[in-house]
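Novice: To start, I am sharing the structure in question, which I have written as structure tokens.
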Amino acid sequence: MSSNSNSNGKEENNQGISRSLWTDVWGETKKIWYIAAPAILTSIFQYSLAFLSQTLVGHIGTLQLAAFGIQNLVVSGLGFGIMLGMGSALETLCGQAYGAGKLDMLGIYMQRSWVILLLTVLLILPVYIFSSLLLKLIGQSAEIADLAGKLSIWMIPQLFAFALNFPMQKFLQAQSKVFAMMWISFGVLVFHSFLSWLCIIKLDMGLLGAALTLNLSWWLMVLGQLAYILLGSFKESWTGFSWLAFVDLSGFVRLSYASAVMLCLDYWTSMMLIILAGLLKNPKIQVDATSICMNVEGWLFMVPLGFMAAISVRVSNELGAGNPRAVKFSVWVMVSMSLIIQTTFVIIVLVTRNDYPAIFTDDKLVMARVSRISLYLCINIFLCSVQPILSGVAIGAGWQTLVAYINIACYYLVGLSAAVILGFKFNLGLEVSVIAILFNTISKAGLEIKDLDSVKLAEKRLSTLGGQVGDPSSE
């Protein structure tokens, strides 16, 4: 009798624990998707601007497609990576300040980020202006480099838009105001689709039309978000423009550049593959095929990128509120969801690998090359289900410098060196170069998982990042 009652008690206890676990998982899932769903859609809509332009340019000719691919993934990729990375410092600062209830500092942080990013744009401008020469110096075809250089000069307005856009996005994300970003991005994409068809195809403006529409669309995005912040309900977090934006910049600059290094070294792996492709035989075919694969991967990468934004908000908010134990639970829930979604994408790409290249080009050689590389593309898509989320944890916790060192070691000292040796010294081609870099994505993810055990230490960083988190009016 006693043993039966003990057994029943254990079963009821286990059932209670199971119900509690599923309740916690469901609750965390709702919190994640409330941020992640609009963040994913926002990322997809914004990435689709260049994605759509490349699709239309690809039907003009292989030279134009190669030039657009080089400019978009290498030159603009440089600016995009730096601006996104530096803007991600706000995910740490605004997220933790919001979690701690210090809302008055969010607007100040955003303005500080604007100041730093706009000054950084001035340092990047020579790369855009002299991109043709720089591309030739690293061995790119003169024909492709000249056209890509001309396009880079036309794309300078987009770089300034990047500098204003990302701080506003992080400001809104920290407060979970992501639905407005989604609708603004969607509206701009609809406008961009019509304008791109009109300028690139109907009016036959080619690359000039692509540059015109991309610049205009990104500036519409900036103006839409700025209007929402200035006219929206942000009385506590936006108190107007302030001279405090120019105060306590040293800590903010350090975190901004650490964030930039962390994300840029990650993002620029694709850029390096494009450059390596341009050094192989038949550079037009190689660059076209690689840029198509990188754009498909980039489009599918928007899902884990949205998760990265969501986890950085969850981590920074929980740390700011003094709840570090909730961080690990949120990470494992999000990793599980991302694995399921990315596995679905892998299956779709494998099934359609002989068909989807036709969306981007009419050239049979390019289509065949894309189909061959698709297997390696799928490996990277799967690996990217985990690694961006771990990077999001690093951003939310303020570990940007540590992850920057991990990126340097895994991607560049090991991965890129192996790619160059295997691809060129042993003439094994682009596929083996891709495998060498993919191997180091695994290494990087493993090191970042190991560092999750140190999550409690991140709480101590809030007071040292971005200056004083006090009442702006008192300064």
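We number each residue from 1, going along the chain as drawn.
Here the Cβ of each residue, glycine as well, is placed from N, Cα and C on the backbone.
Those TrEMBL annotations? Automatic predictions, nothing curated.
From TrEMBL, for reference:
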TRANSMEM  32-53  transmembrane segment
TRANSMEM  65-86  transmembrane segment
TRANSMEM  114-135  transmembrane segment
TRANSMEM  147-166  transmembrane segment
TRANSMEM  178-200  transmembrane segment
TRANSMEM  207-231  transmembrane segment
TRANSMEM  251-280  transmembrane segment
TRANSMEM  292-311  transmembrane segment
TRANSMEM  331-352  transmembrane segment
TRANSMEM  373-396  transmembrane segment
TRANSMEM  402-424  transmembrane segment
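Quick one: where do these features end up spatially?
Specialist: Counting same-chain residues at least six beyond the ends of the transmembrane segment (178-200), those with a Cβ under 8 angstroms from any Cβ of the stretch are 35, 38-39, 41-42, 45-46, 48-49, 52-53, 56-57, 60, 169, 172, 206, 208-210, 212-214, 216-217, 220-221, 224-225, 228, 232.
If one looks beyond the transmembrane segment (207-231) by at least 6 residues along the same chain, the residues whose Cβ comes under 8 Å of a Cβ in the stretch are 46, 49-50, 53, 56-57, 64, 67-68, 147, 150-151, 154-155, 157-158, 161-162, 164-165, 168-169, 171-172, 180-181, 184-185, 187-189, 191-192, 195-196, 198-200, 238.
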Novice: Taking residues 6+ outside the transmembrane segment (114-135), which of them lie with a CB under 8 Å of any CB in it?
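Specialist: Residues 70-71, 74-75, 78-79, 82-83, 86-87, 144-146, 148-150, 152-153, 155-156, 159-160, 162-164, 166-167, 245-246, 249, 252-253, 256.
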Novice: Most CB pairs under 8 Å with the transmembrane segment (292-311): which of 32-53, 65-86, 147-166, 331-352?
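Specialist: Out of the listed stretches, 32-53 contacts the transmembrane segment (292-311) most.
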Novice: Please report, as numbers and ranges, the same-chain residues at least 6 past the borders of the transmembrane segment (147-166) whose CB is under 8 Å from any CB of it.
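Specialist: Residues packing against the transmembrane segment (147-166) from afar: 63-64, 66-68, 70-71, 74-76, 79-80, 83-84, 86-88, 113-114, 117-118, 120-121, 124-125, 128-133, 135, 140, 207-208, 210-212, 214-215, 218-219, 221-222, 225-226.
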Novice: Who are the chain neighbours of the transmembrane segment (32-53) in space, where the CB to CB distance is under 8 Å and they lie at least 6 residues beyond its ends?
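Specialist: Counting only partners 6 or more residues beyond its ends, the transmembrane segment (32-53) has Cβ contacts under 8 Å with 68, 72, 76, 169, 173, 176, 178-179, 181-182, 185-186, 188-189, 192-193, 196, 200, 210, 213-214, 217-218, 221, 295, 298-299, 302-303, 305-307, 309-311, 313-314, 330, 333-334, 337.
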